[in-house]
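Presented below is the structure to which this report refers.
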Amino acid sequence: MGGFILPPDETDKRLIELSPKGGKHLLKAKLVLKLGGSAITKKDSPFTPNLEAIDRIALEIAQLIGGAGSGSVILVYGGGSFGHPVAVKHLANGVVHDAFGVAEIRGAMLNLSKIITDAFLKRGVPIFVINPSSSMTLSIDGEPSDGPWVRQVELCLERGLVPALGGDVVIDISGSARILSGDVIARRLAKAFGASLLAFGTDVDGVMMDGQVVKEVAREDLPVLIARASGREGDVTGGMAGKLREIEKYMQGGGGPALIFNATKPGSVAKLLGGGHLEGTYIR
C-alpha cells in the first residue's frame, strides 16, 4: 500500500468531497461482502452471536489478505439476533418513534460490532468499523445521503484497513429515526467503489425455489424471483426478497454481477476471496 498521510489541506479537501455522482468511481474494490445476520448470529436466540462462524470467517479472510489488509475488500454485516429483536419492539410504519428505542437499537449493534471487531483482531485482520448512525443521514425514503462516510471507507482501503459497516438506526433529514439495512449499505458501496462482485453471505446455499438452489438468474428475471420470495420471512430488513431488491437496484444503476451464497459453510469465504467458484445464486 502507498502512504496514507496527506498534507492537512489535502486531507481536509478529500474528507469534504462528497461521494461520486453520475457514475464516477472512487478507488476500485474487488469485493463488497455483506455478512447476513443469519450467518453471524443465532437468529432464534436473541443477542447470541455465532462465534464459530464469525471466527472462521475472520480466519479465512486473514489467511487470504494477510495482516496488512487487502485494500480491496469492504465488509458489511447485518444485525441478526442483536438488532432485529429490539427493532421489532420499537418500529412502527418504518420509523423508530421513541428515544429509548433508538438508543436500545444502537446499543445492540454496538455490542455486535465489538464482538466482530474482537474476533477479527484476534485473527490479525485490521478491521475498522464505521458506524452509520454517527456518519450518515437518510433521505425520507431511507437512502443514505452522499457524504464523507464514503471517503472514510476509501481512506481505510488506501491505508490497508478492512472497513466494515453494520446495519443500524440512522436519523433522516426530517429528524425521524429509521432502520438502515446492511443490504442497502452494501448496494451503495458496491456502486460507489465499482466492485467486481457484490456478495451476500447467508445461512442458506442461495435463493431456494421448490427445494432447489436457483443457480443463475438473468437480471431481467429478477422481478419474478422477487415476487416469489416476498412474504416468506419476518425480517425487518426484508429477508431474501430484500436482498434481491437491492441487487435489482444495483444492476439498474449499472452494477453487477452479484452472488448469494452460504457463508456458514467452512471454506466458502476463502473460496470467494480466492476467486474460486462457489455454490450459490449468481445474478448477472
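Placed from the backbone N, Cα and C atoms, the Cβ positions cover glycine too.
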In TrEMBL, the residues Gly79, His84 are said to bind substrate. Which of Gly160, Gly175, Gly182 is said to bind at that same site?
Gly182
Please state which member of Asp118, Asp203, Asp205 TrEMBL lists alongside Lys34, Leu35, Gly36, Gly37, Ser38, Gly80, Gly239, Lys243 for binding ATP.
Asp203
Name the residue among the recorded positions Lys43, His84, Lys243 whose Cβ has the smallest number of other Cβ atoms within 10 Å.
Lys43
Measure from the Cβ of Gly182 (substrate binding site) and count the other Cβ atoms within 10 Å, all protein chains considered.
28
Give me the sequence-ordered set of same-chain residues, not including Lys34, Leu35, Gly36, Gly37, Ser38, Gly80, Asp203, Gly239, Lys243, with a C-beta within 8 angstroms of the centroid of the ATP site's C-beta atoms.
Ala39, Ile40, Gly78, Gly182, Phe200, Gly201, Thr202
Near Lys34 (ATP binding site), which of the recorded positions Lys43, Gly79, His84, Gly182 can be found within 10 Å, Cα to Cα?
Gly182
Candidate nearest Asp203 (ATP binding site) in space, where candidates are the recorded positions Lys43, Gly79, His84, Gly182 and distance is Cα-Cα:
Lys43
Among Lys34, Leu35, Gly36, Gly37, Ser38, Gly80, Asp203, Gly239, Lys243, the record's ATP binders - longest CA distance, Å:
14
